[in-house]
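A.B. asks: Below are the features I grabbed from Swiss-Prot:
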ACT_SITE  142  active site, acyl-thioester intermediate
ACT_SITE  235  active site, proton acceptor
ACT_SITE  237  active site
BINDING   163, 192, 249  substrate binding site
SITE      111  site 'Important for acyl-CoA specificity'
SITE      192  site 'Important for substrate specificity'
């Protein structure tokens, strides 16, 4: 959150040059504050686990956040009771005419299926298109990031010969981006996917900016130049045991998965996992919610169709 300082304080220029978020008394006095409204489209099989992971990150920010949960269809989920879905989730028709400050679209275990062959692909495209007019900023995670890059920019992924699973080191490729404030020069994040985007296509696209990447895992955080869409190719929301649970699930199904890299102690699956990414995940979501949602969204969400703060904002 910003530090409020007197108007024309000499330190302001220095602090701003160091990428410290400060706000003058005049600007602070004219700020209207209300809870942020965030919609979560949960595509993961275990709905409750994913809800908990994302709400944990949202709850770690200093902002009040009102969350709505969205399902892609009303078909019964294999891993979540129909009572839970009916009690806590909304259908798209219930939110179609609403506006939100933020939208999070999760990953999905669909990495080896062509986008057009996904049973609800048309629904995904419809929601992505809707979000570009009804949401200030959208955070796409893993499969959703690949799907959105394909739908919005025509950039397709390449399938991998084996699942990329593990915790990988990443580096910043840009400086002085609000989204990267507080990031270490090198940080870790989990990946669990069967596909990868071509990093050179991402780097050369005029509407996209690669902010962080990994020598082992490729592009990680990509931001649209409009500031509206953030594509995160991994799973910063994962809890400590998630990769372990996925690995053991695949073993039980006879899939012969590779051991997640840089995850178990000494890369030995009989040892406990080592969580190296929780502080990064918390900071990523906090920065997104603060700088790309809270700072850009209109106070009256009904005004969203009449203004585009993300296109004129200088962050």
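Here the Cβ of each residue, glycine as well, is placed from N, Cα and C on the backbone.
On this model, are these features tucked inside or out on the surface, and what's nearby?
C.D. replies: DSSP assigns residue 142 (active site, acyl-thioester intermediate) to coil, not to a helix or a strand. If you take the C-beta of residue 142 (active site, acyl-thioester intermediate) and look for same-chain residues 6 or more apart in sequence within under 8 angstroms, you find 106, 107, 108, 191, 192, 193, 232, 233, 234, 235.
According to DSSP, residue 235 (active site, proton acceptor) sits in a coil region rather than a helix or strand.
Within 10 Å of the C-beta of residue 237 (active site) there are 29 other C-beta atoms, taking all protein chains into account.
Residue density at residue 163 (substrate binding site): 20 other Cβ atoms are found within 10 A of its Cβ, drawing on all protein chains shown. Mapped onto three states, the DSSP output places residue 163 (substrate binding site) in strand.
Listed in sequence order, 143, 159, 163, 193, 194, 195 are the same-chain residues at least 6 apart in sequence whose CB falls under 8 Å from the CB of residue 111 (site 'Important for acyl-CoA specificity').
For residue 192 (substrate binding site), the count of additional Cβ atoms within 10 Å of its Cβ stands at 21 [all protein chains shown].
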A.B. asks: Among the recorded positions listed here, 235, 249, whose Cβ has the fewest other Cβ atoms inside 10 Å?
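C.D. replies: Sparsest of the recorded positions 235, 249 by Cβ contacts within 10 Å: 249.
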A.B. asks: Whole-number Å distance between the CA of residue 249 (substrate binding site) and the CA of residue 237 (active site)?
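C.D. replies: Here the two Cα atoms lie 19 Å apart.
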